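All remarks here apply to the structure that follows.
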C-alpha cells in the first residue's frame, strides 16, 4: 500500500514534467539548430533553435517490468520524417540508458540506487541519417536519480556503553547516540531522524532531536542493579507514518559512590594468646564489610578504649582491608587474664554529599584471653648499678639482687653469676639470697668498673632462667700517694740572681677524690737547712722553685739535689718525696745556657726510641749470623765425620786409600789390625798348639812375627766363600737404603770346617821353622807379596841358625 502510493505520486510528478516540456516545445516555431541563444539565423530571419529539453529525473528503485521512461531529446530541425538520428554517450549510455534513434525517447533499463550514484552525465548528438553528419553540436545533459525513502536510519558507532554514578539526580546526562540516514537530506523528510526509547524508559530518557540519554529517576542504586540495557530507536520522515527506523542497544553501567558505611559481621570476636608472646605478635584479624567497591571500601581501623590503646595496636592490611591486632605491651597472665578491646572501622574516603545518610563507621568488641605459661624468674627492682669501696675486705656484701617467679606456683629461685663475664671470680653470689660479695681484693686504679651478668633460675627447673646485667662501680679511697709528674731536672746559670724562677712542679695522683685533688708542697726535712733554693706553693696544685742566693760556681758544685715533699688532702693524707735535680751551667749575657758540666745533660741525653730499636735490630742480626755460622760448621763437621766413619762389618776395617799396589809395603798400618785383638788372651790362651804350650813364654813382640802352621790341602773348596759373598751382594742390591755406588768389601769369614788353620801370627806359638810358605804364591797375585815376605823371613832364620 505505502510503496504503491509512493510510486503513484512519482509517476504523477513525471507526467507533470512531461506536460511542461511539451508546452515549451510547442511554443517554439519551426525547426532550428544550435544551442539556445545561438546568433545564427535561418533564411526566414527567425532565430535558430537548438536542443529542446528540460533537466531529466529518474526515480530510484523502480521495480516495474517495462523500461522506465526518463525523457525526450528533440531538435528544432526534426520535421518528423525520420531523417535525424539521435544518439547518446557517457555514463550508462547503451547499458543503463537507451534512446530511440527516431523519437529521442530515453528509457532506463536497470534499477537505480541514489545512495550509490546520485546523477549521470551524458552527451547527446543529432546526426543526418543519410550522411551521418552532426546536425546539432554535441550537448551535455544530466540525469538525476530521484530519491525515495528506501534507507532506514543506522547507528554506525553502536553498540554503546555509557556510565552514570548511582544516586545521580534526574536529568543527569549519560551519553549521546547518533543515527545516520543514507537518503537525500535536501529532498523531503527522508533523512529527518527522531529518537525514542523502546526499552528502559522507566529509568532513562532520550532527547528526540539530539539523541542525548538522561536519567529519568534519582534512586539508581548500584548495589541493587549495577547495569541497564536500554534500546534506542531512530525513525526517519520526522517520525511520521511510513517512516523507516533502526535501533541500537546502549549498556549503561551504574558507577559506585561511597553511600554505604562499613559494617562488622559480628559484634564480638574472641582470640587467645600466650603471655610470653613478644611485642609485635599478631593476635588475630577482623574485617568490616562494605557494599561499595574500589577505593570506597578502603578502611581505617583504630582502638577506641583506653585500655586497648595501651596494650594492643591495630593496623590495616592494605591488600585485604582487614584489621590486624598485635601486642603492643608485654602480657601478664597473673596480672590480667582477659582484655577487652573496642575496634572501630571507618571509611578512609567519605563523600560529603552522603553525610546525611548516617555515620560511615562501625564498632565491634574483641576479647583477648591470655594463656598462662611457665615463665622464668623476674628481677625486681630492675636497678642494675651497685657501688663498693675499693678497700672492702674479701667477702664484703656489695648488694643484693632479687628475682621472683611470676607464675602462680611461685617456685623458689636460685642465683648464679655468668662466669664468662667474671672469669677472674672477683665477685661471688649467694645462690639462695642473691647477695653479691667480693671474692678478691679490689683496686679502683686497676679496674674502676665491673660488668657482670647475674642468672636467676627456678630451683627445680634450671631451664627457666633469666639474666640481668649488673654494673658495679668501685669507689675510690685515698690509697695512693701523690708523685711528681716527671723526674724533673732543671738548670741554673752561674750568675743567677736571687728569686729567679728555675722550675714549676706539678704532681699526679692515681686516686680520684670526689671533691677533687688538693696538694701541698714543702721542702723535705733533710733540705730544711738549704740556703740555695726556695719552694713556693702556688695553691693550684703546682709549686715554683726559685734561687735564694746570688750566683753559683759549678767548679765547687755542679749538681744540687732538692728533695720536695708532696702531701694530698686525704683522708687519710698521704705523702711522697720527690727529688728535683738542678744543674749549674754557664750562660751568656741573655741567660741562654751555653755549657754545663760533663755530668750535666750528657747523661740526660739518652738514646731516642728509634735509635734503641735500630741498635736492637743490629744486635739481633749479629746473633742470627753467629748462630748460622755455628750451625753450618756443625753440619759440615757432621758430614765429614760421617764420611770418616769406619764401616765395621765382621771386624773388617775399611780404608779409603788404595795404596801403591802390591809393591807398596808401607801403605798399611798393621798396628790397626793388631789393636783389634786382645793380647791378654795370648798370654793365657793355649795358642795354636805349639811346643811351648804350658811352659815359659818368650817375648811376645818377637812372637808376633811367627806365622801359623799351614798345611796345604790338596783339594781347596771356595764354594762356601762364594756363596757367602753372593748372598751378601744380593742383600746389598735389594737394600734401598744403600747408596748407589760400587764398593769393594772384604769379609773375614773362613767358612765351616776349614782344613786350613788361621794365618794370623798372633795366635801362632810355634817357631814355624818347619813351615813351608811357598804355596802362598799359588793363591793369586794378592798373596804373592805375602809369600815373598814369609819366604824371605824363613831364609833369614835358616841363616841365623846355621
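Using N, Cα and C of the backbone, Cβ positions are placed for all residues, glycine too.
Curation plays no part in TrEMBL annotations; they are all automatic predictions.
The range from 664-683, 684-703, 704-723 that TrEMBL describes as region 'Disordered' is residues 684-703.
Feature transmembrane segment, per TrEMBL, maps to range 611-632 of the set 611-632, 633-654, 743-764. Mean per-residue pLDDT, taken over the domain 'Cadherin' (75-155), amounts to 86. With DSSP classes pooled into helix, strand and coil, the tally for the domain 'Cadherin' (156-264) is 3 helix, 45 strand, 61 coil. In the domain 'Cadherin' (265-379), the DSSP tally of helix, strand and coil residues is 16 helix, 53 strand, 46 coil. For the domain 'Cadherin' (380-484), the number of residues in each DSSP class (helix H, G, I; strand E, B; coil) is 0 helix, 50 strand, 55 coil.
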